[in-house]
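Visitor: One structure, pasted below without further comment.
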Amino acid sequence: MIALFFFSALLWDEAGAWGFRDGVLHNSIWLERAAGVYHREARSGKYRLTYAEAKAVCEYEGGHLATYQQLEAARKIGFHVCAAGWMAKGRVGYPIVKAGANCGFGKTGIVDYGIRLNRSERWDAYCYNPNGKECGGVFTDSKHIFKSPGYPNEYENKQICYWHIRVRYGQRIHLQFLEFDVEEDTSCLADYLEIYDSYDDINGFVGR
Ligand SMILES: *[C@@H]1O[C@H](CO)[C@@H](O)[C@H](O)[C@H]1NC(C)=O
């Protein structure tokens, strides 16, 4: 059994403008706790995942590819991502909340590319992970102590937590580890803490 523990500290450059880049709302991680659905790109960039790879990404994080219904349920509460991703059963699409010229052909709803016959096509992934709902949150306080679920006991298997730390532009974040204990694994593949200096999990990657 693989225990997976994933922390992500996210820092927005500007609290007032968080989530907007190139006129596109990026809020997948923000809403994860509410919907259990989130968007994933490959580390190497946009539209790099085959169906099998997309499925593996979600399963590695303890979830599975989101169904169309799960993506639509997330969309109804504001999940908006301008990037097509694999869903369960080889379907591809993306959720649009705000109609815009650049994305979604000016319509709202799931932009549905249908079930793809060619599973070697490369898209992003939409994962569903109900366990991801159990911890994390957005923090704007000047000082905060984060604890893993059940602390001081061990956290559960297949747990994913996203902690969002938001500060004003120009402010810095000082992270101090008072106690840190994850599953022993020198390459940090089983359990890990990752830090991002952005909502962007490719360019904002700081370290693991
Ligand atoms: C399936 O998609 C891949 C990637 O786009 C492409 O290289 C390949 O030629 C496609 N196969 C068929 C049968 O269309």
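Sequential numbering from 1, following the chain as shown.
Quick reminder: no glycine exception, Cβ is built from N, Cα and C everywhere.
Dumping what TrEMBL says about this protein:
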DISULFID  CYS58-CYS127  disulfide bond
DISULFID  CYS82-CYS103  disulfide bond
DOMAIN    36-129  domain 'Link'
DOMAIN    135-208  domain 'CUB'
SIGNAL    1-19  signal peptide
Visitor: Quick one: mean pLDDT on the domain 'Link' (36-129)?
Guide: 90
Visitor: For CYS58 (disulfide bond), which residues in the same chain are close in space, meaning a Cβ under 8 Å from its Cβ, but six or more apart along the sequence?
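Guide: Residues satisfying the criterion: ARG40, HIS64, LEU65, ALA66, ALA125, CYS127, TYR128, ASN129.
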Visitor: What kind of secondary structure is CYS127 (disulfide bond) part of, going by DSSP in three states?
Guide: strand
Visitor: Could you put numbers on the helix, strand and coil content of the domain 'CUB' (135-208), residue by residue per DSSP?
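Guide: Helix (H, G, I), strand (E, B), coil: 0 helix, 18 strand, 56 coil.
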Visitor: According to DSSP, folded down to helix, strand and coil, what is CYS103 (disulfide bond)?
Guide: strand
Visitor: Counting other Cβ atoms within 10 Å of each residue's Cβ, which of the disulfide-bonded residues CYS103, CYS127 comes out lowest?
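Guide: Among the disulfide-bonded residues CYS103, CYS127, the sparsest Cβ neighbourhood within 10 Å belongs to CYS103.
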Visitor: Within 10 Å of the Cβ of CYS82 (disulfide bond), how many other Cβ atoms are there?
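Guide: Result for CYS82 (disulfide bond): 20 neighbouring Cβ atoms inside 10 Å.
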Visitor: Which secondary structure state does DSSP assign to CYS82 (disulfide bond), in the simple three-class scheme?
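Guide: DSSP call for CYS82 (disulfide bond): coil, neither helix nor strand.
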Visitor: Which of the three DSSP-derived classes (helix, strand, coil) applies to CYS58 (disulfide bond)?
Guide: helix
